[in-house]
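A.B. asks: I grabbed these lines from TrEMBL:
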COMPBIAS  43-57  compositional bias 'Acidic residues'
DOMAIN    67-157  domain 'SH2'
DOMAIN    164-226  domain 'SH3'
DOMAIN    236-326  domain 'SH2'
DOMAIN    359-462  domain 'PH'
DOMAIN    463-576  domain 'C2'
DOMAIN    635-829  domain 'Ras-GAP'
REGION    25-66  region 'Disordered'
Amino acid sequence: MAEVGGPGGDSRLAAGMAALAASLPSRAAAEDNGPASSSAAGGEEDGQEFDEEELDVPLEAPPQNQWYHGKLDRSIAEERLQQASRPGSYLVRESDRQPGSFVLSFLGKTGVNHFRIIAMCGDYYIGGRRFSSLSDLIGYYSHVSCLLKGEQLLYPVPPPEPVEDRRRVRAILPYTKVPETDELSFVKGDVFIVHNTLEDGWLWVTNLRTSEHGVIVEDLVEEVASKEDPHEGKPWFHGKITKQEAYTLLMSVGKVCSFLVRPSDSTPGDYSLYFRTPDNIQRFKIQRSTSTQFSMGGRYYNSIDEIINHYKQEQIVEGHNLKEPVPVQDNKLYCNMVDGKDIYRTIRERQRDTMLLKNVVKKGYLLKKGKSKRWKSLYFVLGGNDAQLFFFESEKRATKPKGLIDLSICSIYAVHESFFGRPHCFQIVVQDFSEENDIFYFAAETQESAQEWMKAIQQSCAKFRRLTQGSTNKHLRQVRSLTLYVEEAHKLPAKHLTHPYCTILLNNVQVARTPAKEGQNPVWAEEFVFDDLPPDIDVFEIVLSNRTKKYKDPDILFMCCPLKRLQNGHLTDEWFQLTSHVPLRGVEPGSLRVKARYSLEVIMPEDEYADFRELLQQPREYHVVQALSHVCGQDRSLLASTLLRVFRHERQEVALLRTFNDREISMEEEAATLFRATTLASTLMEQYMKSTAWPFIQHALRDTVLRVLESRQSCELNPSKLEKGEDVNANLGHLLALLSELIEKIFLSTDDFPMTLRFLFGCLQKSVQEKWPANETMRTRVVSGFVFLRLICPAILTPKAFGIISDPPSPTAVRTLLLAAKSLQNLANLVEFGAKEAYMEGVNPFIKHNRQRMVTFLDKLANVQELCDSPEHFKTDVSRDLAALHNVCVCHLDELRTLSNERGVQQHALKKLLAITEMLQQKQNHYLSMGGQVR
């Protein structure tokens, strides 16, 4: 069995791991790290979550000397377990491949398995689970949880001889710690157990005298020889004094019930315990009965510490227990004489960086979700050498980690903002052999930060490394994405699903969910985008659950779709027959309508697309962009978003938007229908506004919309929708107050609007005035059509889509927001409500009063004659965007050929586009033939 969680095990490892994975994952983190499969992991109610605190349960284990074997070769460990010949036998050894780490070797029903234990600053980690000692870890898998499915630690295998291999050091000078650090204060002669060697000469230790844990500088200590007594440094042990000196110490320094232990004079290997009573000093013999046990007073103990703890609770002589040990008095016996002036001076000059991490890949703050719904900001450090993610209370206290995740047995998945009601989330799933996977949830401050963390962590995840190891082509990369539209369900079983909602799973890991709806035919119309999928994801599943007041909602129905069913790049719109998780007793499960687009992108280096990019960005008419718009049809939105990223990256978006806006105006005959249809120009403007005007939306709308959501007050005016006894005049008053608040905040937020958009609005006003000089309202309506119809009103109607809220609003709030948006749109159009919606005529005085103010606001918004500064640089994966546009050309090659055969100004540009498209395709095929597998 392989010993370290990562690639490189032998064939026995692969076979053993596959067999174990097939049997169902168990609880511990397998050091072999084979191809374990995912199990359901999930949201706030689901999955096994572990906070930064270690498990607070009583853990009893056999004494360490019965199962700890020190540094031991894997093959010898297997021999000792096979000799034990009982399934459930185990031992712990120091890893022969990674000194400082340990291995739990276990004889299970299928053979010997090895599980890596990471030792870090006095704590012990298996997967992402933390224990304060090896004994606690053994106790946990002996009594609380299974190591493999249905298998626990049962029979410790003792070593042939006692093992005492811990490194010990002794203080040669005293030291006082710096406040608010993990340093230890100590006196000359203190003995420490060394747990980890950190950076720049610092050690993480335990002081045997005080039992404190922390860091010390190795310049202040010397090694304790292995031949010295293993109890050296214990607060009660006096290894260098005579029997008479022991009596003198107890009588002169000690108090009644004080004690000490020293080696026996008569029997080497035995010890004597000296105890001061009110009358005299009594001495008790401690005999080493076996290699792993001591005896005193006819009873057997596993250590001298156990003897002392026993007699602190029980009487050692009638009426008296052990109290405090007599401290060691003469440090000169233990230490060399050292002049510490130079040492103290250099210590203060040292700068301790983060722990023992010599190869830090990434560090910074993230939010981590605890056991409850609370999120806590912690400082994270990703180490590249050992595939470990550490987290700390803060950057200043980045010495001992608050937790550690062994990424060699993990997978990473994005978490859609619908899952927790917050954006920029991702999860790490510890995919070991336990019955329940451990899940850690994180949130970054921005989407860019989340993507950077995910990509960095993904490189350390074992499954990702295995799937990308075979690639020899470093010039190509593969990016996969999945867009799901959960539209509606039909004929759901009413008894089981009164408030249905959907949860989306990738490879059986929960990543998103819809809000709960009512009825047998709920409509969700929710979009979920999963970009840059990990290479192991090959299936998506949607589970329908029923929202209840219980801790965990029951899963009722599900559907499953392998990604290979979806045609690359095409939108699939399908009704999926649902399957039942529970007995429905003759009731049909119903169906679910899902639209899905799976994209597999093969991307070459950016410079390969240089000619293609130059052709796309040819100024003035943008013939290639026009042609792509013509052939794309329903994929116009996807085309627009990709074009915007490319042009924004080059700071050319203003020219693109202005050109297509002017083209739209020149082609339109009726002023009333300008920009009403969904064209490439309107789609580009809409997407650009939504991505750049976010500060304006937040400042102008957020507080008011949140108050609407918190209020239960109706603003309903339609008589057919009024509740019995509802006062329409009161509702109108509330609606008018809401409209006044909204319009005042909008009018006062002009300076929050992006200057680039304001310049474009000014250009629009000039163009429509030239086209329709007699139309006095056109200059106002062309701006309001974008600002209100395509930005402000959609943000009011769907505040969740604009990041204003995270939870779906109540039906009353939805109706109020609809009435508000309807009223503002009429005001922006400078028209009053008429007979068609007579119930809204009560809003007309508001429209009349604010009509001129609206004109003034829109004119002020568009009053930017020129751009002083070019737009801010936009960061994007430009090679991926260009590859996507090239793929559009490949998919619509026949239509582009047809267009190129038509006479006109586009002909030359399209002929060149066809040539470049074919050239890029040949280059891509050449790269593929050189490298074989795409990474």
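Just so it is clear, glycine is given a Cβ too, placed from its N, Cα and C backbone atoms.
Keep in mind that TrEMBL annotations are predicted by a computer and have not been checked by a curator.
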A.B. asks: Across the whole of the domain 'SH3' (164-226), what does the mean pLDDT come to? Round it, please.
C.D. replies: 87
A.B. asks: May I ask you to check whether the domain 'SH2' (67-157) and the domain 'PH' (359-462) make contact, with contact taken as at least three Cβ pairs under 8 Å and only pairs 6 or more apart in sequence counted?
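C.D. replies: Judged by the Cβ rule, the two regions touch, with the required three close pairs present.
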A.B. asks: Report the DSSP secondary-structure composition of the domain 'SH2' (67-157) as helix, strand and coil residue counts.
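C.D. replies: Taking each residue of the domain 'SH2' (67-157) in turn, the totals are 22 helix, 38 strand, 31 coil.
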A.B. asks: By DSSP, what is the split of the domain 'C2' (463-576) into helix, strand and coil residues?
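C.D. replies: The domain 'C2' (463-576) comes out at 10 helix, 56 strand, 48 coil.
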A.B. asks: On the DSSP side of things, how many residues of the domain 'SH2' (236-326) fall into helix, strand and coil, could you say?
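C.D. replies: Breakdown, helix to coil: 20 helix, 29 strand, 42 coil.
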